[in-house]
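K.L.:
Pasting the relevant annotations from TrEMBL:
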type	residues	note
BINDING	HIS119, ASP142, HIS144, ASP146, ASP250, ASP252	Mn(2+) binding site
Amino acid sequence: MALRGPLSQFLKTQLHACQKSRAHSVAILGAPFSKGQKRRGVEHGPKAIRDAGLVERLSNLDYPVHDFGDLKFQHLEKDEPFMHVPFPRTVGRANKLLAGAVSRAIVAGHTSVMLGGDHSLAIGSVAGHAQHCPDLCLIWVDAHADINTPDTSPSGNLHGQSVAFMLKELQDKMPDIPGFSWMKPFLSSRDLVYIGLRDVDPGEHMILKNLGIQYFSMRDIDRMGIQRVMEVTLDHLLARKQRPIHLSFDIDAFDPSLAPATGTPVNGGLTYREGIYITEEIHNTGLLSAMDLVEVNPVLAASQEAVETTASLAVDVIASSLGQTREGAHGVYQEVPVSKEDTEQLRL
C-alpha cells in the first residue's frame, strides 16, 4: 500500500534524525543463541541465512553492507531456573551483549539486521535500538505473541516472554528475573502491532485484550486481506507521528510448508506473497531502522532441502525489508542508456 495524503507528506518532509542517519548502510549482526528455549539447533540460524546468500543479495541493493560476524555468547555452567524459567542468567547476559551491539550499529548510522537465534534475542535487539531511538514502534510478525510473563507461561521459555520485558504496562507483572537487572521497560502497548498470530496462550490473550494491543491474527488476515492489514498497522503506528520502525520477524509466521526448518511451526500461516507484502510496505515508509530475523533451525529440518528453503525465505524477507522489489530493482539506471554505436553516428 502506498501512503497518500497528509500522512505521506508528513513522512516525507519531517524525517526523524534517527532515520536520517541510517538510510544508507546495513549492519548484519549474527546472534547464534538458543537458550531462550529448549530445542537445540537454532544457534545455527545465522550461518544458514548467510549460506543462503544474504550478503550477496543485500550487496545488490543501493547501500553498503557491513557483516560484523557473530557475537560470542557466554554460557554459564551454573544457571539455576528461576520459578520455571530455564537459563535466565544466560539469556539475560546474552541480551545485554546484543543490546550494546545493536545500539552501536544504530549510532554508527547503520540499519541493524539481527540474525537469530531464538526470539528471546529480540529483548536485547529492540532495547538496544531504543537506547538511541526511544520513540520507536514495533511490528512483531509471528505465529506467537511472545508476551507471556513467568506466571502465565506454560513452558517458562523466555523466547515466549520477550515482549513482556519491553512493555511499561507489564512492569508490575514481571518479577526480578536473575540476569535482567540491566533491563528496564521502554515501550508502550499502543506502539506495538502483531501480525500473523495463530497460537496464543490463554494468559497472552488476556494481556492482549486488557492492554488493548493492536493485533491481526491469521483469521483477520483472511477476513481483511493483507493490504488492509498493513494500512491499519501503519496508520495505527504512524498517524500520530512518524518514528523509527523496528521489525521483529519470526520465520514461523509463514506456513510450515514454506518454512519447515523452525522450532514451533503452526499450520495456517502466512503465504509467501503475504509475508513479502508486509516487508515491502514497511520498507516503503522509509522508516525501517532495525530488524530481527529469528527461529531458523537447520537441525530440526527433515532434509537439506528444507534447510535451504527456509533460509532462502529468510533472505527474501530481509532483502524485501531493505528495498528489493518483486518487479525488479530500479537503482542502477536514471535514464535509458544511449548505445555507443548510436553515439558514434551522431558524431559523424
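FYI, residue positions are counted from 1 along the chain as it appears here.
In case you wondered, yes, glycine gets a Cβ from its N, Cα and C as well.
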K.L.:
Cβ within 8 angstroms of the Cβ centroid of HIS119, ASP142, HIS144, ASP146, ASP250, ASP252: which residues besides those meet this for the Mn(2+) site?
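P.N.:
Counting only non-site residues, the set is TRP140, ALA143, ALA145, HIS159, GLY160, ALA253, THR264, VAL294, GLU295.
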K.L.:
I'd like to know which of the binding-site residues HIS119, HIS144 has the most other Cβ atoms within 10 Å of its Cβ.
P.N.:
HIS119
K.L.:
Tell me the Cβ neighbour count for ASP146 (Mn(2+) binding site), meaning other Cβ atoms within 10 Å of its Cβ, over all protein chains shown.
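P.N.:
A count of 28.
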